[in-house]
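As recorded in Swiss-Prot:
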- His32: active site, proton acceptor (ACT_SITE)
- Tyr27, Tyr78, Asn80, Asn126: tRNA binding site (BINDING)
- 198-225: region 'Disordered' (REGION)
- Asn22: site 'Discriminates between blocked and unblocked aminoacyl-tRNA' (SITE)
- Asp105: site 'Stabilizes the basic form of H active site to accept a proton' (SITE)
Amino acid sequence: MTQVKTQPPEEVALQLIVGLGNPGPQYANTRHNCGFMVVDQLAERWGIPLALEKRFQGSYGEGFALGGKRRLLKPETYMNRSGEAVRAVLDWYKLDPASVLVVYDDMDLPLGRLRLRGSGSAGGHNGMKSVIEHLGSEAFPRLRLGVGRPKGNQDRVGHVLGSFEPAEQAVLDRVLRAAVAAVECCLQEGLKTAMNRFNPLDFSGPDRQDQPAPLNPAKTAPGES
């Protein structure tokens, strides 16, 4: 049995941002795909194209933004095997698990809230269980986006694999903008600053207009072989 490291690391420069989700258009707007949504917005904002990389079992891109090299990954393994793709990138580039930021949905938070942490358990999220198992560590930062609990008699699986309702879209848009800003804050000012700034905020109300600051067009580097 793999021993899992649980001690929060000293803050390490982020090298890879991973969004968890399921591939395919049928899952594109589901609650379980919040991580994919954030990585897609980062890729567009930074000018980093994503393309399927078989060696990584995922959609991957790299380039320069915010003064440094940035790597983005969306595992194409389906949620429960996400860790295979993350491990493949870490092994290829010889990255420390503590340099990975994983973005994913969380039913324990209501829609409109997000939560940054430097380490922690999977909290019942199967994608994170896979990442922790393959990295052999819980000691890596993560950004959780709230999707709330099922309503009425709906089960958990049906809830996370269900699409956001039209009435939820405005809140989701604000949360995604805030998540992009939180990732950029992590990169520029560090995880602790980002936690203090974003964890207390509630984006469920109409007065929340937080969004990332304007960014100069990113310079994209050619892919490494």
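Here the Cβ of each residue, glycine as well, is placed from N, Cα and C on the backbone.
DSSP assigns Asn80 (tRNA binding site) to a helix.
Cα separation, Asn126 (tRNA binding site) to Asp105 (site 'Stabilizes the basic form of H active site to accept a proton'), rounded: 11 Å. Around the Cβ of Asn80 (tRNA binding site), 12 further Cβ atoms fall within 10 Å across all displayed protein chains. Straight-line distance linking the Cα atoms of Asp105 (site 'Stabilizes the basic form of H active site to accept a proton') and the residue listed as 'active site, proton acceptor', rounded to a whole number, equals 6 Å. Comment: tRNA site residues Tyr27, Tyr78, Asn80, Asn126; largest CA to CA distance 16 Å, whole number.
Counting every protein chain shown, the number of other Cβ atoms lying within 10 Å of the Cβ of Tyr78 (tRNA binding site) is 15. Annotation for His32 (active site, proton acceptor): same-chain Cβ neighbours under 8 Å, separated by at least 6 residues, are Leu20, Gly21, Asn22, Met79, Asp105, Val160, Leu161. Other residues of the chain with a Cβ within 8 Å of the Cβ centroid of Tyr27, Tyr78, Asn80, Asn126, the tRNA site, are Asn22, His32, Thr77, Met79, Arg81, Ser82, Gly127. Ranked by how many other Cβ atoms sit within 10 Å of their Cβ, the recorded positions Asn22, Asn126 place Asn126 at the bottom.
Of all Cβ atoms in the shown protein chains, 17 besides its own fall within 10 Å of the Cβ of Tyr27 (tRNA binding site). When other Cβ atoms within 10 Å of the Cβ of Asp105 (site 'Stabilizes the basic form of H active site to accept a proton') are tallied across all protein chains shown, the result is 26.
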